[in-house]
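According to TrEMBL, the transmembrane segment annotation covers 20-39, 77-99, 137-155, 167-187, 199-218, 230-254, 266-295, 315-341, 362-385, 397-414, 426-448, 460-479.
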Amino acid sequence: MPATPERTEPALGNQPQRRLTLLDTTSIIVGIIIGSTIFKSSPLISASAAGWMTWALQQTLGWPGPDDTNGLMQAQYLGIALIWLIGGVIALLGALCYAELATALPHEGGNYVFLTTAFGRPTGFAFAWAEFWIVRPGNIGAIAFVMATFALQLLPDSWRTALGARGETILAVAAIALLTVINILGIQMERWTQNVLTAAKVLGLLFVALTAWCFLVPPVAISAPQPPNFLLPLGIIFVMFAYGGWSDMSYVAAEVANPQKNITRALLLGTTAVTVIYLLLNLGFVHGLGLAGVYESKSIASDVLHSAWGPIGDRAISLLVVVSCLGTIHGMLFTGARVFYKLGSEHWLFRWLGAWDAHRAVPLNSLLAQAVATIALVMIFGANAQAFDRLVVFTGPFYWGFICLVIIALAVLRQRGQLSADRYRVPLYPLPPILFVLACVYMCYAGIKYAWTEGTEEGYWSLGVVVVGAIVVAVDFVAGGKPRA
């Protein structure tokens, strides 16, 4: 039976302090979840769900008929609403499970702590290693490239010419470096920046939804459009990506004030708020542009604002995407560094990552190391924009696989009696964990299937990281594992 890992106890002030309020933690969750997927993949998600729902109803109920325009449109509306609602429910199920773990083990590191406590040091290390070299830089880098693409549209022609062919890479690196510096300036600056970026993002998205619902005249459909031939599994993969990131709040659990209440509240408030925003947006897109307009759109939010406000709407959506991506990048840098700090505090080979700057109340070395690793991957894979998109898909099996293990850890720790019965408990247990694990298994399968069929250099990179990680685990074990004074 794996024992709870030994933890060094630094002097007061040289460790995380509980300074994050309910507003701060909810802002982190919303800011990380809402990134670029809602802007890029919404038409694909909606089309796949609409097509599948129409087929399913026709096969089971014989409705709607091929000439029933209203029925066909209602079936497609239902499919779009359901896929976004189901994605939110799955995220909420996971959040309920994380709330029990994070309130019982309110330490820095989240998944790292949960996995180490339940399964031992090698499992926790494997998570942190994959997070450092694959998951975190892959996702941050991909979002940084989306940000850079839209930021270039806001720059004067002379600036774009000066930046040249590598303009997107330069802007992506600059954003990561700037936001890392902001994080290094201290916890107050981290909190303020995250709250401002999240507030601006949410207000901007609500404005897009308001425009779609109130300022566009719904097109009159003579016949129901035929959704593109997207498979439902592809839509599910992308909708789960759209809801990903809520688990990051557990990484800063040691800095949350009144953790027994605020962790649970933040997880539930954050995931619920995002679900409501996504439903308002996507149903608004259908209302304002019509089903055909949604399916054919290449940049759906831009189409909404352009239809209502003209060219100024195009620039507004570019600015909104930039702000949205910056909020996600900042949140991921903020939370990710706490995982690597915890790794350094418990593994001798990485003890330099376990330094906590008492004056700024941040894990300084971990922030710097995280930025270097992420920027390095941006430079390596940045020459090919599609390479980073593929790298993100390759992160899927790691991301969902470890989250699945975390939910299993909940059952393991409950069985051992290591989770206090007088704190928050998952309602309707074990139903939420079982349903969420099934969703994770599906996402792992989809990611592995993609990696197997593609077999590109990004997949070889991921495999190489795993092999090197196994060697490092062995060396760390021989070295004694625990940090030394």
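Glycine too: its Cβ is placed from the backbone N, Cα and C atoms.
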Are the transmembrane segment (77-99) and the transmembrane segment (266-295) close, by which I mean at least 3 Cβ pairs under 8 Å that are 6+ residues apart in sequence?
yes
For the transmembrane segment (397-414), which recorded stretch in the set 20-39, 137-155, 230-254, 266-295, 362-385 gives the largest number of Cβ pairs separated by under 8 Å?
230-254
Between the transmembrane segment (362-385) and the transmembrane segment (20-39), are there three or more CB pairs that fall under 8 A, provided the residues in each pair are separated by 6 or more in sequence?
no
Go through the chain and flag residues at least 6 beyond the ends of the transmembrane segment (167-187) whose CB is under 8 A from any CB in it; none is fine as an answer.
19, 140-141, 144-145, 147-149, 151-152, 160, 193, 255, 325-326, 329-330, 333-334, 337, 359-362, 364, 367-368, 370-371, 374-375, 378-379, 382-383, 385
Sequence gap of 6 or more, Cβ distance under 8 Å, 3 or more pairs: do the transmembrane segment (137-155) and the transmembrane segment (362-385) meet that?
yes
Closest-packing stretch to the transmembrane segment (199-218), where packing means Cβ pairs under 8 Å, from 230-254, 315-341, 362-385:
315-341
